[in-house]
Amino acid sequence: MLLTISGLPGSGTTTVGKLLAEHYSVDIISAGDVFRGLAKERGVTLAEFGRLAESDPSIDVEIDKRQSDIANSSDNLILEGRLAGQMAKKALKIWIKAPLEVRVKRIVDREGSSFDVRMQETVEREASEALRYKEIHSIDIHDLSVYDLVIDSSRWDQFVITDMLKKAIDASGSF
């Protein structure tokens, strides 16, 4: 069974996804890791790479293809990324959300820099991604109607959220 975990930067999707992957002994594929890797390969920041991706649809296509190839080669898999739930056909789809300030603080704690710098980068990145998703895939990233579960990660820590999701996953017979 395929499980998708989506959310905006700093919402906790990667952390929760890794905890679930470990618990269920399944692989996790992260679009963020692919995107960060491609930015690093090109020697640019995430914000710069996001702007580049706005004018170069092949970047999104490459990310989608890498995830799709891996997803199609495994029966049990967690797919983590902002578009994972929008693109997966048969999956248990989860969206993890948190207020912007909470997410930026997490990004600062994880990656360093100042709050103001990370706030600006995050706002720019999210605007860039929303534009790309709309133009390339006709997807409104703010439309959460495709998700089976929406959880606010500012209310609970990653372990409580993981336990909540395990109950939903087990009840659905996903893994």
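Every residue gets a Cβ built from N, Cα and C, even glycine.
What Swiss-Prot says about this one:
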- G7, L8, P9, G10, S11, G12, T13, T14, T15: ATP binding site (BINDING)
Does G7 (ATP binding site) have same-chain partners at least 6 apart in sequence with Cβ under 8 Å from its own Cβ, and which are they? T13, R82, W95, I96, K97, A98, S153
Going along the chain, which residues six or more apart from S11 (ATP binding site) have their CB under 8 A from its CB? I96, K97, A98, R103, S153
If you count Cβ atoms within 10 Å of the Cβ of T13 (ATP binding site), leaving out that atom itself, what do you get? 27
What three-state secondary structure does DSSP assign to T15 (ATP binding site)? helix
Counting only residues outside G7, L8, P9, G10, S11, G12, T13, T14, T15 in the same chain, those with C-beta within 8 angstroms of the ATP site's C-beta centroid are I96, A98, R103, R106, S153
Return the residues near P9 (ATP binding site) by Cβ distance under 8 Å, restricted to its own chain and a separation of at least 6 in sequence. G32, R103, I107, T122, R125, E126
T15 (ATP binding site) has its Cβ surrounded, within 10 angstroms, by a count of other Cβ atoms equal to 20
